[in-house]
Amino acid sequence: MDNPLGGTVSNHRTYSTLTMNPVSTVNSHDYLCTVFCGEKEKKEKSVKVELYSFPSDPIIEISPSLVAGEPVTVTCKIPDVYPSDHLEVFLKKEEHVLLKENFYDDDSTDTETKTVTYSFNPTAEDIGKEITCVAKLPITDMDFEPKERVTSQKLNANFGPQNTTIITASPRNSPMEGDPLKLICVTDSNPPPQIVWRKHLADESIQHLIENNVLSIPRAHFTDSGLYICEVINLVTNKMEIATVDIVIQGAPNIAELSIEPSATVQEGENVSIQCSAEGNPPPKIILRRKSDSADMGPYSEGRILLFPSVMFLNGGDYECIAENEFGKIKSEITLNVEYGPRNTMVSVIPATAVKEGETVTMKCTSSGNPAPVISWKKKKVTGESEKILKDATLTIQNIKSQDLGLYECEAHNQFGKEEKAVKLVVQGRLEKTDQMIPLIIAFSSVTAIAVPVVAILIYVSRKAKINGSYSLVKALRLKV
């Protein structure tokens, strides 16, 4: 023929080959092969190349997006079909044929996408039914498969959201602290809507939670109580609906905070507050008090705060916060440490402040303060100056001597001040040995002065008696007188 071959020819001896790659509709012709043998003999043979194109299933489009009660147009497209003059198309709703169309009069010479359309007003019963497009290319003298292609699509009416509700799933009727809590947002909508969970906070603000129809809380806490909002939006119908549920988490109290301001360790005279906050439902009764085993509990408050406008060292100690409701009772403790300078310094002396030389005296100094005071001893010199002699609470002087007498001072100090206490030690002197003999000598001399004259008189009388044979002491005295 006069048309180009549309391919390449290769000859080898008695063989000649025409190759068309890739084949297309331009190759749909009769091809004639002519053979010459010598100058007079010629033979010819023809072959017809027939092409088809039926590559994919039909495409169904429904426009506008189906909304219940509004007219809709169904479009079926058959892509790249050839030869289209054999094409037959059927549109069906379930088994009912809505439209049958053929393209017998089409004279296209190339592949084309063929389209059929059908418009109708769907009823409520039509929602969910299948629209089917059947395309056939029945060429009897051509051997290819498939010669029929089918596509189906359900009629889906876009609606909603509507009938939105929240289902609360919990192990008990009233959620308790620690229980798992699941909130499920249920709605009717097509296409499936976008669901957003929000929570209405105490300060009137809205907290965004998650974008899911299920909100799960593995362990519910008191702070999870509040108004929950399920917001449902259909992006096709552009409609929104919300549902709310008020969740109240009940349970025994929990002490959230127990603190001391400005700090747990303060200086005497500062303004101090002890604060306790507890959570629970029902709201717990809170008692804040000083911990004590006695009947006198000391500072006490049926509330969340205990104030000390000018704290004293006696206010220091352990404090407890007790929170109680119908589900239970809990307590927590904290220690208030009040620091102050030394005071109530006292000195005790054993055996006494007046001792004899050679004895041992022990002086003990005590003082209160926080932190505990450091105690040291000083002794007043003759010059009036004080000399540090010991850094300890107990001063012991052994084998005391007269030079140990004098004024002793106990000093107690810490970083907040100092306090002193004085004691005077008086030593009673003990007699030396020479001094102790003087009374004996005097006594001996007196006795001697009396005894010598008496002895002399007795000797004299004795001698007189020997001469006279007898002797009268009375007469002798008289004669002397």
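The backbone N, Cα and C atoms fix where each Cβ goes, glycine too.
Note that TrEMBL annotation is computational and uncurated.
What TrEMBL says about this one:
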| type | residues | note |
| --- | --- | --- |
| DOMAIN | 161-243 | domain 'Ig-like' |
| DOMAIN | 253-337 | domain 'Ig-like' |
| DOMAIN | 342-424 | domain 'Ig-like' |
| TRANSMEM | 437-461 | transmembrane segment |
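Mean pLDDT of the predicted structure over the domain 'Ig-like' (161-243): 89. Mapped onto DSSP helix, strand and coil, the domain 'Ig-like' (253-337) counts 3 helix, 53 strand, 29 coil.
Mapped onto DSSP classes, the domain 'Ig-like' (161-243) shows 3 helix, 48 strand, 32 coil.
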